[in-house]
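Peer 1: Before anything else, here's the structure in question.
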Amino acid sequence: MSALKTHIAKVAAGTALSFEEAREAFDIIMSGDATPGQIGGFLMALRVRGETVSEISGAVATMRAKMLRVEAPAGAIDIVGTGGDNSHSVNISTGSAFVIAAAGVPVAKHGNRGLSSLTGAADVLIALGVKIDIPPDAIGRCIHEAGVGFMFAPAHHPAMKHVGPTRVELGTRTIFNLLGPLSNPAGVVRQMVGVFLPEWILPVAETLKALGTEHAWVVHGDGYDEITTTGETQVAELIGGEIRSFTLTPEEVGLKRHTKDELRGGDAAYNANALRDMLDGAAGAYRDTVLMNAGAGLVIAGKATTLGDGIALAAQAIDSGRALQVLDRLVEISNG
């Protein structure tokens, strides 16, 4: 039970772990060979000193090696946030996933229950009637036939059972908030990742680059781990091995600026009703924010060349009724 101590001492001394050292440290943790005290000490030492790209990349490599995989069509994307933004908003990336799928791009959605919000992706999907505790082959069928499938993180990362209790006891953000969105069980190489603080935009983009991602947007908007309509969104786009940074506002793509109160969510039933209404064509802040996020997803997937084009395709996907049909089909197939 002492194998992790060397790594704890190194991090506590302010030294960064190499990719291989981080991979080894997280293998020890996720194999059940560290005590809760050691895990907690290691995670907080990383957090206080600040996690590096090599450490995040090494940890993700271990996560990916141990996860239960799902087969998804070529070109599938993920749209996911780290959580930890304490925004208590409606479910933006989950709503966007249905719109992206309705526009013809398969979505392998990875997510969890609410950690920093009242209602995470898993919570709202259950409230909508989606069955989430289904085997990998059934999830693959959902992606192929409905256009979207949901991979419940704890089911696909069973090694996380060794860190779950410690994370709950710590009650604060750790490196694991970053690892989940980077460890998609379908192995997508195109994705949008929202992060809880703007200082994590570039490190996460650099990590995705190191791990071979083809095209990604890493975003943070006005306190949200999403693209927002409440203010400015900071973006790092990774494409072709190069990273460029830019900002977005709703006005520059022809959308209205909204308030945070307009995006505030509630419990799972409240958020489920709001999501279904949005997919059914309800206008307002939720729709506009989903249009921006889904539009970006369509750019990442190569379905649209500009964000404006992506937003137009996303609007068509909602207004045609196709987005709501995707949700209904997912409910049907997941329960089949």
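The backbone N, Cα and C atoms fix where each Cβ goes, glycine too.
From Swiss-Prot, for reference:
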BINDING   Gly81, Asn112  anthranilate 1 binding site
BINDING   Gly81, 84-85, Ser89, 91-94, 109-117, Ala121  5-phospho-alpha-D-ribose 1-diphosphate binding site
BINDING   Ser93, Glu226  Mg(2+) 1 binding site
BINDING   Arg167  anthranilate 2 binding site
BINDING   Asp225, Glu226  Mg(2+) 2 binding site
Peer 1: For Ser93 (5-phospho-alpha-D-ribose 1-diphosphate binding site), write down the residues of its own chain that are at least 6 apart in sequence and whose Cβ falls under 8 Å from its Cβ; none is a fine answer.
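Peer 2: Listed in sequence order, they are Ile79, Val80, Gly81, Lys109, Gly111, Ala121, Met192, Gly194, Glu226, Asn293.
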Peer 1: How big is the Cα-to-Cα gap, in Å, between Asp225 (Mg(2+) 2 binding site) and Asn112 (anthranilate 1 binding site)?
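Peer 2: It is 15 Å, counting Cα to Cα.
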Peer 1: Take the Cβ of Asn112 (anthranilate 1 binding site) and count every other Cβ within 10 Å, whichever protein chain it belongs to.
Peer 2: 19
Peer 1: Is Ser93 (5-phospho-alpha-D-ribose 1-diphosphate binding site) helix, strand or coil when read with DSSP?
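Peer 2: For Ser93 (5-phospho-alpha-D-ribose 1-diphosphate binding site) - judged by DSSP and reduced to three states - the answer is helix.
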Peer 1: Which residues in the same chain, at least 6 apart in sequence, have a Cβ under 8 Å from the Cβ of Arg113 (5-phospho-alpha-D-ribose 1-diphosphate binding site)?
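Peer 2: Result: Gly120, Ala122, Asp123.
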Peer 1: If I restrict to non-local contacts, at least six residues apart, and a C-beta distance under 8 angstroms, what lies near His110 (5-phospho-alpha-D-ribose 1-diphosphate binding site) in its own chain?
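Peer 2: Counting only residues 6 or more apart in sequence, the Cβ neighbours of His110 (5-phospho-alpha-D-ribose 1-diphosphate binding site) under 8 Å are Asp78, Val80, Met151, Ala153, His156, Gly180, Pro181, Ser183, Asn184, Pro185, Ala186.
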